[in-house]
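> The active site, nucleophile annotation in Swiss-Prot covers Cys272 and is backed by sequence analysis. Swiss-Prot lists His355, Glu357 with the feature active site. Annotated L-glutamine binding site per Swiss-Prot: Ser51, Gly244, Gly246, Met273, Gln276, Asn312, Phe315, in sequence order. Residues annotated as domain 'Glutamine amidotransferase type-1' in Swiss-Prot, with sequence analysis given as evidence: 196-382. According to Swiss-Prot, the feature region 'CPSase' maps to 1-192.
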Amino acid sequence: MPLSDAMPALLVLADGTAYRGWSFGATGTTIGEVVFNTGMTGYQEVLTDPSYRGQIVVFTYPELGNTGVNPEDEESARPQVRGAIARNICHKPSNWRSTQSLPDYLKQHHIPGIFGIDTRALTRKIRMYGAMNGGISTEILDEAELLEQVQAAPNMAGLNLVREVTTSTVYEWSDPTTAVWEFNPDGTVKNGESLTVVALDFGVKRNILRRLASYGCRVIVVPADTSPEEILKYNPDGIFLSNGPGDPSAVTEGITTAKALLESEKPIFGICMGHQILGHALGAETFKLKFGHRGLNQPAGLTQRVEITSQNHSFAIDPDSLPEAVVEISHLNLNDRTVAGLRHKSLPIFSVQYHPEASPGPHDADYLFAQFVHQMRTTKQATTAEVS
């Protein structure tokens, strides 16, 4: 599309900074927290990841939409972002899997975007001053008028956005990672009886469910406000706490449930929001990072093993608040030394701040799914032996 045919658009940040560009996707006005993602690939997975609910995403890679979109790469049923910001947009994608252009896809789902702005300068600003609310509009092109709406919007801290993305009904997930994309999980973990995992849905990504299914798990997904009693009625071999959006300290229903589930002594595995929820259940606190971690190359580790990980989060666990007698740090983010993993000292319970399913991203941490399966099998065998 020639720029002469593009509709003008305006981006205004909460501090009054304004950027003028052109519209792609839907027209209208949208307001959310402006954050940046440094990944070179996986824009469709980012746009449809429920963890981005309430946010406007700046893509730092200068080209966006070159490979179009397709139904298989969606992490949920629709885009979850409030808006998208890009340097350049491709209106005519070229890829054998593409079924639709990115602008048409966002227009279909009523998601506004702006392109043609200096995304490098915008990213540096967020990095220096922190993530902040912003607004994109094709209707309001007066900076002061749009700024007024942006400043009236609530901040991310204190928001429970899980209620907007969790499932409303219980369902069972059985689809594994598609064979053409399978990257050889440890086949030994599939041997034996199928394991039942109840996944508490705070905004779960489909590829996490696929990895659990690939490792031989029967996955039952339940709403975030499901009581511990209802969860335990399924007699699960393990419990999974999923990723999700917003402030973890505001998800009081999840924290209360996780705290009760700890008493069951069943294996528990948490990812991202689930990691933070578990931290709260164990007595820790979380805090908001200046601009968060969003990208595909975050190093994490503690000993001599380092994993390159995919991350997407605004909050982190305060290490000084962890009860040292109960839990230990298993991983640190090696860029800023924030907590990236927890492990219970006596129970089969662990969590990571990053995404081991890595869709997109490196597969360094896929072993964590095998570790979860191993803990479930070991616990099940020990329980069976005690009964017999």
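Easy rule for this one: first residue shown is 1, then count along the chain.
Here the Cβ of each residue, glycine as well, is placed from N, Cα and C on the backbone.
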> Report, in whole Å, the straight Cα-to-Cα distance of Cys272 (active site, nucleophile) from Gly244 (L-glutamine binding site).
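That separation, Cα to Cα, works out to 7 Å.
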> Mind looking up the mean pLDDT for the region 'CPSase' (1-192) in the predicted model?
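When the pLDDT values over the region 'CPSase' (1-192) are averaged, the result is 95.
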> Counting other Cβ atoms within 10 Å of each residue's Cβ, which of the binding-site residues Gln276, Asn312 comes out lowest?
Asn312
> Enumerate the residues of the same chain, Ser51, Gly244, Gly246, Met273, Gln276, Asn312, Phe315 excluded, that satisfy the criterion Cβ within 8 A of the mean position of the Cβ atoms of the recorded L-glutamine site; list them in sequence order.
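Here the nearby residues are Phe202, Gly203, Asn243, Pro245, Pro248, Cys272, His313, Ser314.
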> Considering each pair of residues in Ser51, Gly244, Gly246, Met273, Gln276, Asn312, Phe315, all listed as binding L-glutamine, report the largest CA to CA distance in Å, no decimals.
13
> Sorry to bug you, but what's the C-alpha spacing from Phe315 (L-glutamine binding site) to His355 (active site), rounded to the closest Å?
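So the Cα of Phe315 (L-glutamine binding site) lies 14 Å away from that of His355 (active site).
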> What's the CA to CA span in angstrom from Cys272 (active site, nucleophile) over to Ser51 (L-glutamine binding site)?
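That comes out at 9 Å between the alpha carbons.
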> At the Cα level, what's the spacing in Å between Ser51 (L-glutamine binding site) and Glu357 (active site), rounded?
14
> Starting from the Cβ of Glu357 (active site), draw a 10 Å sphere and report how many other Cβ atoms land inside it.
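Around Glu357 (active site), other Cβ atoms within 10 Å: 26.
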